[in-house]
């Protein structure tokens, strides 16, 4: 074991190979549960089922590889790799061992989790998973040394690898488009099983929903409207009902709510029926 780490410290690898290894780890190793679920949903059997599953794996690895080739440069490669492995390692634990689908709702649950709930999740399996799928890979990344490459050669490699990745993904998606469309259309939660994409996209969605919104000025509509016909007298009275979850009565300051939620409405000459229910 010591010889292995000693060899690792002294051995240099190219950024091209580093990104490929990380892509295989993220796309293949961390997503066993996802592939198992896809296998149960595939319309094929035998060799055809294996080929379809292999195509799914290659698409995911190639996609991650393309993303890494864009993001990872010599001075950023370790940072992004460690971040992705950290996020992917923990999200894959919940997907692969607990069957959890990562979604914005799960991110909200995580944010609202207290200490006692966190301690309930800690088990021997969780500790072992953290060691082998988070701590050890991150440690190995810190020991990596990159080969010195000319910028022109590095750019050429990146362009070639991106074109190759997009070509592979495009060909496989075209070949199995009908099958992928049917599976993911009927089972939209499958994307919540793909680590670390599931956690990153869910976190962004959660932040977009919960992020503080700017207090924008009220916009008055219909000021350009004009009366095209004179109103006749003695017309029947008209009652307009706004029905549905347009607003909650309990949150109306007109009904005694502490915060002034009806600043403009309260200025109008209106009747407020506070005891109406449906």
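Every residue, even glycine, has its Cβ placed from backbone N, Cα and C.
Keep in mind that TrEMBL annotations are predicted by a computer and have not been checked by a curator.
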* Structure fact -> Of the ranges 47-67, 194-214, the one TrEMBL annotates as transmembrane segment is 47-67
* With the transmembrane segment (122-142) as the reference, find which of 12-35, 47-67, 79-102, 154-178 contributes the most Cβ pairs under 8 Å. => 79-102
* Let me know the model's mean pLDDT on the domain 'Phosphoethanolamine transferase N-terminal' (61-210). => 91
